[in-house]
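Feature annotations, reproduced from TrEMBL:
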- 21-42: transmembrane segment (TRANSMEM)
- 248-269: transmembrane segment (TRANSMEM)
- 249-369: domain 'ABC3 transporter permease C-terminal' (DOMAIN)
- 297-321: transmembrane segment (TRANSMEM)
- 341-362: transmembrane segment (TRANSMEM)
- 374-394: transmembrane segment (TRANSMEM)
- 400-419: transmembrane segment (TRANSMEM)
- 445-469: transmembrane segment (TRANSMEM)
- 694-715: transmembrane segment (TRANSMEM)
- 697-809: domain 'ABC3 transporter permease C-terminal' (DOMAIN)
- 736-764: transmembrane segment (TRANSMEM)
- 784-806: transmembrane segment (TRANSMEM)
Amino acid sequence: MTEFKLILQTYWWFYRRHIGLLLLFFVGFSLGSALLTAIQGLNLEASKRYQSTTAMINNPVTHFIRPALGEHDLPFSLWTQLRQQGVTAAQPVVEGWAKTQTGARVNIRGVNLFQWLGAANNDRSQSVERGHTNAATLTFVNAIYLDPSVMKRLNLSAEHPTLSFSDSIKNIPVVAMKGLDGSALMDIYLADQLLNKNGQVSYFEVTEQSAEQQTIITTLLKNGERLEPVQEQAFDGLSRAFFLNLKALALLGYVVGAFLSFNAIKLAYTSRQTLQNQLFVLGCSEHMLIKTLLTELTVLSFVAAIFGALLGTSLANFLVLDVSYTLQSLYQLDRTLIVQFDWSLVLLGFVLNLLVLLCFVFIQTRNSLFNSPLLKIGSVLLVMLASGYLYFFAVTEVEALLLCMGVLLLFFGITPWFIRRVFLIKWPTKNAVLLWLKADSITQLSALTSSVLAMLMAMGAAVGMQIMVGSFSEALDKHLTQRLSADLYVRPASDFEQLKKELVNHHSVAQVGVYWHAPVEVRTVMQNEGVITPSDNKKAAAKLISFGEASQYHQHLNLLGDQSVAPHHFVINDTERGCLINEPGLRKYALSTGDRVLIEQGDTNIRCVITGVFYDYGEQALTLVTTTHEVAKSGIQFERYGLSLWLNEGANTSTLRDELMTHYGLDSAQVVANKQFKAFAKTLFKSTFYITNALNSFIILIALFGMWVSFLTLGRQQLEPITVLQRLGVSNESLLLAKLLQTGVIIGATLALAIPLGLSLGWVLLKYVMPIAFGWSMALTVNWAEIGLFSVAIFVFALISCAVPLSKVLLRGTPNEHVAL
């Protein structure tokens, strides 16, 4: 034990003497693991969002009882029936939006607050900020509970905060409670009054039910009500690809951070070889040296993982507003995410850090084996074979991302050889300093390999994501131009059909379309000898939409192959009707043209043949389109969302908009012009890439820092040859220019390979990842001017970051100072 302590203490004094190495090590692994823990933290919080009920009681929700498809509410009597049968684990929830008297919209959530009386050890009392109001003087069921941030946004009084919604419901006391995100929690009776629910319930939350109770619940659901496990919510299926791609990007950032730490590890490993030999000569056993080394690596990995988890939690909460907005808008997230520090995130970073360190030590001890030309050639061939297989047979998200990894590994194998070739070819110069620089560069490339590869990876990933985002933006712009082709969009609160009839006869209106929406379930059917029978495949949740009675109202849909919607897409013959599916239905749900499907909603259904597939960027759920006539005839319950108006040539959009608002009492949110609607849609989809751009920027900063550190350490190692050149009469300015030229050539060659790497990654993302993970296909679009400016900016930043340490080394007064260093 004494020997172990002695060796460990010696290592500790080594790090105290080389504090820069220790900091560099922590920076690399902490930044890398921070990216991973940030994304994993968001994913973890999303999966744990039902660990407490809406009433803020720490009791995991296992199931939801939701209304039948096409219905919005459940009868309150169902709760009575459940309790009579002994099912006390089901609690009603009422949700909706209400306007205060000041015009602010508040998200209402009503629950049975009497649960608090029976909940032992709940955290409610700890969450209430008594500085806002004296809760003891309030009847808790007659209060509204708001997060302090929401109270601040609503400009409520600090001493006696109240909210008023109408003349009959006003001056309701407000109590501050943390953790409620943006919703207002209240008793279900008060929520029923505010939302005019008339005793209806939005859904029930079920906690800790037994198999017997689940059977009772299923028996009571006789009118199409659904008992859904929390794992089968729409968000979990729709967001899976989103989080998978973010995890892949975060893993890329971790690798870039690991390359940064390699510089510190290499220096520490080289510097301590003499120390290790001295300890061995002094009598320390090899077994104890290895044991101490493993202990050191374990401690360093754990500390770096803690720092990474803390930084990752902060980063996740910094991005959570944009992420939550995206997930709520596009992926149907029903609760706001708040990322908390979790020890499982520390464990993730610790395991990865330890594995990377052990692999590095193993590689260093078997350096001759890994430098074998035969092994390198074999590795490149193996990667090429694997990539070729994935090129032809990749069908899952993981296989598509593995193809991206294969492309990266191929460029990893090419890049060191390519940069070495740049310095091996004959340079058209006889300048002695440049020729020395050329020969010196070949010997120094091995020390710069990790930083070069980190910059290659970061720059390639950034260019690839830039191409993907640019291609998506251009495809989305064309898609929205055609999809949102109407001049005005109107959403009346009532008298839908009457308003439609009047607008059809309006002198300024050429055509009036509708937007009907119905939640349904879909499965394929088989036809054997004229008899149609449902297949045994599982039903898929979908939505059925319609824009009008005939094909002319669906011309804004763009079919694959740039085809237009024609009458035969909806009427095949006298007995068969057709329908359209969106592109995710083709690529993610394995439906195709010619398939017969059964569209069901409870006991009602529509049979149709899929006759076409339309582009539907931004939508991942399965969507089917048919005529309003078929929807109405089937008896499926649907919701009339609004009207779309195409105006006659010469008609003024603003004039008609003002007329509709004045004559029909509609507000500005109910009558939206095309330009305004399109701008909103673009803003919504653009927010999807905020987190991607943030992660890309973070990765590039890590890579630039790595380049700076590499050239700093390289400059220190070259003090001796630089001193010799100075004694031979070479000026500091000439040496600095020569070293900057060397740096520029290395960075330029790296960026020259990063652009084709980015193009390759962008092509793989658009050809495989987007269609497989999201269900969208689009053409590759390259904005060369944007990529060129981006590359020049990175080149300048990289050159500056590398020039600073070189200038500090070179611009000294005399050669003797170099000798002293």
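Glycine is treated like the rest: Cβ placed from N, Cα and C.
Each of 21-42, 341-362, 736-764, 784-806 was scored by its Cβ pairs under 8 Å to the transmembrane segment (297-321), and the highest score goes to 21-42. Within the same chain, residues 15, 243, 246-247, 249-251, 253-265, 267-268, 271, 300-301, 303-305, 307-309, 311-313, 315-316, 319-320, 323, 337, 339-340, 342, 345-346, 348-349, 352-353, 356, 695, 698-699, 702, 705-706, 709 sit at least 6 positions outside the transmembrane segment (21-42) and bring their C-beta atoms closer than 8 Å to a C-beta of that stretch. Same-chain neighbours of the transmembrane segment (341-362): 29, 33, 36-37, 40-41, 44, 254, 258, 261-262, 265, 269, 293, 297-298, 300-302, 304-306, 308-310, 312-313, counting only residues six or more beyond its ends whose CB sits under 8 Å from a CB of the stretch. The average per-residue pLDDT of the prediction over the domain 'ABC3 transporter permease C-terminal' (697-809) is 80, rounded to a whole number. The list of residues near the transmembrane segment (445-469) in space but at least 6 beyond its ends in sequence, with Cβ under 8 angstroms from a Cβ of it, reads 249, 252, 255-256, 259-260, 262-263, 266, 408, 411-412, 415-416, 419-420, 423, 689, 692-693, 696, 699-700, 702-704, 706-707, 709-711, 713-714, 717, 746-747, 750-751, 753-755, 757-766, 770, 780-783, 786-787, 790-791, 794, 798. Beyond the transmembrane segment (374-394), the same-chain residues lying 6 or more positions past its ends with a Cβ under 8 Å from any Cβ of the stretch are 400, 402-403, 406-407, 409-410, 413, 768, 772. Here the domain 'ABC3 transporter permease C-terminal' (697-809) is broken down by DSSP into helix, strand and coil counts: 99 helix, 0 strand, 14 coil.
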